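Notes follow the structure.
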Amino acid sequence: MEGLLDRPLNPNKLLKEQFVSNLTGSSLLEIAALSTIVPVVVVLRKWSSRDNIRRDSVKKNDDALADHKDGVYYFSALVIDCLTVVLPILLIFTILAEWAYICAISLVVVISIYILLKRSQSHLKAQQHLPSLRADISSYRVSVVLVTCLSILAVDFKIFPRRYAKAETYGSGIMDLGVGSFVVANALVSRQARNITSMRWKAALRSISPLGFLGFARLISTSGVDYQVHVGEYGVHWNFFFTLAAVSILTSIIRIHPKYCGIVGMLVLAGYQVWLNFGLNEYLTSDERSADIIGQNKEGVYSIFGKNIYVYMNFLSFFCLRC
């Protein structure tokens, strides 16, 4: 009995940490190809579903469909989404990883032909409607969540190329886009992007409370089951949810009009780069850790400033689109 109690919960913890450590990432061209495949697949699926809805609306009479028919329709749409969106992305990120460039070029050609065919059909021009900005943002957020979930689940398996995982110090993989993509997605639907300037502190704390809860829940659960945690990613206690919560808090404290977000973003970018060149970079990439909470989580804490650049730049871009 004592032997069972002394046995670690995760005996392969060190091997699993080494499996995702000391990685150098992929090329920017391959990341661009992968980043092209995902939105193209989502757009093609959305356009095809829009055509089906338009075709069904012409055939459908005024009578309401039965509930079981609605259930069958939504279930069939879910299955089609899995087959036309989730499965292709999963295959390209795993067994078809060597064909990423060919897949990207092929999909771009397909979507280009689709657009040309649609434009050539003059009798459909009156029925064509430009997709709303809200629908495009929703599609982007869905793409980010989908790629993040697939990557997190696949990174622990050998079938997932190591170059796609997060790089250790220098370099970049497709998973390095995760936090930045979520920050961009949150910025596009933030209060500032919706022109909500005044906000109470209680509302701000209430909005970030789910992120804080998830952050502490992940910290407690990973510590409780002795789950492998790569310290060089966020630090000893920090994680993805704490980063999103911290960025939300900073943008709530420092309220900047969208007109000046570009200038502030450039100043933060320049200041952060100067700080990196004058010693911060060496400190972050070294194994030196002080006993305080910031030193223990230096990777996650100091990355907050870089993430705010995404926020301010997207405030500016969204403001320009609305204008």
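Residue numbers in this text run from 1 along the chain shown.
Any Cβ shown, glycine's included, is placed from N, Cα and C.
Feature annotations, courtesy of TrEMBL:
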- 20-44: transmembrane segment (TRANSMEM)
- 72-93: transmembrane segment (TRANSMEM)
- 99-117: transmembrane segment (TRANSMEM)
- 138-157: transmembrane segment (TRANSMEM)
- 169-189: transmembrane segment (TRANSMEM)
- 235-253: transmembrane segment (TRANSMEM)
- 260-280: transmembrane segment (TRANSMEM)
- 300-321: transmembrane segment (TRANSMEM)
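Here the transmembrane segment (72-93) has Cβ contacts under 8 Å with residues 34, 37-38, 41-42, 44-45, 48-49, 65, 99-100, 103, 146-147, 150-151, 154, 160, 164, 174 of the same chain, all six or more residues outside its ends. For the transmembrane segment (138-157), the list of distant contacts is 16, 19-20, 38-39, 42-43, 46, 85-86, 89-90, 93-94, 164-165, 174-175, 178, 181-182, 185, 188-189: same-chain residues at least six beyond its ends, Cβ to Cβ under 8 Å. Sequence-distant contacts of the transmembrane segment (169-189) (same chain, at least 6 residues past either end, Cβ-Cβ under 8 Å): 23-26, 28, 31, 34-35, 93, 137, 140-141, 144, 147-148, 151, 155, 163, 240, 243-244, 247-248, 251, 285, 303, 307, 310-311, 314-315, 318. Beyond the ends of the transmembrane segment (99-117), by six or more residues, the same chain brings 29-30, 33-34, 36-37, 40-41, 43-44, 47, 92 to within a C-beta distance below 8 angstroms of the stretch.
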